[in-house]
């Protein structure tokens, strides 16, 4: 790819960032589509995020992806949020229209799309959701919008717990889905929730390097063959949770599904063009 002065810049703002597959995936898609954009990763944490957004405007970047730890903070720096993004309280995509910034969240739509593409119908189902960060709440919000009956959210009593309670209140007030929040330390409640669940989704970074030998499921007997286990982590591809799930006879969906579908939606938001899905799946080895 020969980058010329006509190219527009799209970024990804996160910390850490060197593990991300998004730059490779998006640049392959942009080149295949013959578009004059290039996608670059920038190490940006909460402290440097405000300045990075000013830089985005000054450089007239087309937009940026937003990942940990900036997804919730980013809501404060855009001019407009989609209804789904308001429900989530976090964004992963910013589109810059001549200095007017719009915030979107494609994490939720991407993950739910991956579930649907596997042939699983979420309507009327119960999900156990691990974590209350930007990705997790995005999945919960989109699942609620698309027909989940109940979401049982488990999170440690950390800085995200109050945010989880606020998220549950927003979803309960604006959708027909019932969301409850429980401390993950309550292992009896966790076991009971899994016993009656249809879906278990890990929306935390547990399982991602350097935590690749960890899982929030301490007892594999809690997993049953009727359970669909889905993962947001894609590095490593086969997390400990997915290994446990397969050993228990569960159907699984790895983190590549969410990465692919959320990225496809981002691509269209930035470029107005269709994402070359099958080509990207092939060259990135997704689903292989």
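All residue numbers here begin at 1 and follow the chain in the order shown.
Backbone N, Cα and C define each Cβ position, glycine as well.
Remember, it's a predicted structure, so these values are computed and weren't measured experimentally.
The NAD(+) site recorded in Swiss-Prot comprises 132, 133, 134, 135, 155, 156, 157, 158, 232, 233, 234, 235, 255 together with one of 57, 60, 86, 205, namely 205. The Cβ of residue 71 (substrate binding site) has 26 neighbouring Cβ atoms from other residues within 10 Å, across all protein chains displayed. Looking only at the binding-site residues 132, 134, 157, 235, the one with its C-alpha closest to residue 71 (substrate binding site) is 134.
With respect to Cβ neighbours within 10 Å, the binding-site residues 107, 157, 235 differ, and 157 shows the lowest count.
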